[in-house]
């Protein structure tokens, strides 16, 4: 009986693939499971022509390695579930 129980536990762990699936935000309220091998979440921000009125452009996603920031970008990476939430933007004052 103990052998059967142990076998069921092992099969469950293998089938669930525990610890291998990271969840990252892909948009403001859009968490998704990352593809296998992509074990980092990233947040990339930069200014475009509308930065003064709309704020920075934000890109969220999964990556195997942290993206290298270009000179005009800010990039942060993390490795826990939902660790890259959409940045909160201050509201403009009228």
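In case you wondered, yes, glycine gets a Cβ from its N, Cα and C as well.
These numbers come from a predicted model, not from an experiment.
Noted in Swiss-Prot for the protein shown:
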type	residues	note
DISULFID	24-41	disulfide bond
DISULFID	34-62	disulfide bond
DISULFID	47-51	disulfide bond
DISULFID	66-77	disulfide bond
DISULFID	78-83	disulfide bond
SIGNAL	1-21	signal peptide
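Here the CA atom of residue 83 (disulfide bond) lies 7 Å from the CA atom of residue 24 (disulfide bond). Across the fold, the C-alpha of residue 62 (disulfide bond) and the C-alpha of residue 41 (disulfide bond) stand 5 Å from each other.
There are 15 other CB atoms within 10 A of the CB of residue 77 (disulfide bond), with all protein chains counted.
Around residue 51 (disulfide bond), a 10 Å sphere centred on its CB holds 12 further CB atoms from the protein chains shown. The Cβ of residue 78 (disulfide bond) lies under 8 Å from the Cβ of 40, 41, 42, 84, each of which sits 6+ residues away along the same chain. A simple Cβ count within 10 Å picks out one of the disulfide-bonded residues 24, 47, 62, 66, 83 as the most packed, and that one is 24. Once Cβ contacts within 10 Å are tallied over all protein chains shown, the disulfide-bonded residues 34, 41 are led by 41. Following the DSSP three-state reduction, the secondary structure of residue 51 (disulfide bond) is helix.
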